[in-house]
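This report concerns only the one structure given below.
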Ligand code: NIG
Ligand code: FE
């Protein structure tokens with residue numbers, strides 16, 4: 001059984017708890033100097049000052065490895081709770097069109113957007129999807145992401161949706177990153193069902209979802225609730241059926257237009273409502289009164305030249321806010337955690353402490369994993385980052401730069 005003592009950590013910074021922090025409580029992080037962490041079999045056993053942790057570690061002998069973390073800051077591994085990281089092809093041409101003024105939903109209406117990636121994903125072999133997904137996840141690990149959520153949604157037919165989910169399961173087994181999977185068959189209406197969104201929803205529920213359940217391929221179900229994509233009624237019908245089948249729920253809500261998506265997520269007790277660029281005052285009130293996490297995606301707003309989600313307002317109203325990349329080939333071709341932190345703190349006026357909670361503990365809650373990851377505390381998995389500086393403020397002060405020097409996943413140094 002692997003045992004590890006990390007000593008002389010100049011600064012250990014973490015939120016605490018096994019569930020999301022709401023509102024003001026997002027600011028409360030613990031900062032310890034000259035700290036140590038003792039890990040056994042991938043689980044954090046003890047956190048405290050150097051002397052007390054060493055005494056604890058020695059209670060059963062001294063057959064543990066010691067690492068000196070002098071000059072470094074330890075924080076929990078980052079968690080990215082919203083990505084579409086597995087797809088075929090790319091859409092650089094559309095990115096340039098959007099910069100030239102073509103609206104995102106217009107491209108989708110013309111058969112491009114999500115449907116263009118749908119075609120290239122249908123055309124991709126399982127092996128090529130596996131290889132490109134593997135490359136992305138390895139890059140994410142280098143940025144300090146130790147848990148990630150990945151969505152299907154680029155097949156929009158039974159075979160390709162299942163192919164995406166199966167590839168994600170292989171990647172979860174083969175790589176040290178922890179992966180939660182989401183079925184997003186309701187990402188767009190495919191050409192085969194053009195004008196027949198209702199029938200497509202029926203097909204998803206009766207045919208695809210049953211197979212996803214049978215093979216236990218997804219933890220969550222999600223829907224792109226947006227005018228001209230899936231209406232509020234269609235979203236509710238789909239998500240209610242998914243909940244009856246035992247899936248946990250997520251929602252792409254109020255990204256471009258406000259149609260009450262966040263309120264629906266709240267009503268259905270979804271684990272998260274994501275995007276929320278166009279969220280209303282009433283939606284904020286609804287979210288703040290429940291446990292649905294507001295997952296904000298600042299890099300998407302930035303890449304779409306849209307105003308950011310009102311993070312400050314949401315936190316001040318008592319919402320539990322998490323941050324994620326939304327990495328996808330259309331609206332946001334980046335999974336840069338340094339960029340996301342910079343946008344959250346500099347442009348959205350979250351404090352650095354709130355942003356850190358949002359990308360660790362609250363992000364863990366957004367994938368329903370806050371009981372096992374998201375903070376550096378006894379009982380949690382030892383997913384820990386050592387930064388190249390002894391001060392967590394460099395996470396944003398060193399703007400846009402990756403300062404993660406060492407990544408520890410389940411108690412093992414990846415580098
Ligand atoms: O979260 N909005 C819907 N889905 C993605 C974009 C997908 C795409 O354009 O390929 C998003 O932004
Ligand atoms: Fe998304």
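Quick reminder: no glycine exception, Cβ is built from N, Cα and C everywhere.
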Item to check | Among 252, 266, 398 - the residue TrEMBL places in the same Zn(2+) site as 82, 84, 326 | outcome: 252
Next on the checklist: With 328, 330 listed by TrEMBL as N-formimidoyl-L-glutamate-binding, which of these, 56, 130, 154, is given for the same site?
Outcome noted: 154
Item to check | From 19, 325, 331, the one annotated by TrEMBL with 91, 154, 187, 255 for 4-imidazolone-5-propanoate | outcome: 331
Checklist entry - Using C-alpha atoms, which one of the binding-site residues 84, 326, 330 comes nearest to residue 91 (4-imidazolone-5-propanoate binding site)? => result 330
Checklist entry - With a radius of 8 angstroms around the mean position of the C-beta atoms of 82, 84, 252, 326, what other residues of the same chain does the Fe(3+) site pick up? => result 83, 151, 274, 275, 297, 300, 324, 327, 328, 332
Checklist entry - Which number gives the other C-beta atoms within 10 angstroms of the C-beta of residue 331 (4-imidazolone-5-propanoate binding site), all protein chains shown included? => result 25
Checklist entry - Under 6 Å from ligand 1 by Cβ, which binding-site residues from 82, 91, 154, 328, 330? => result 328, 330
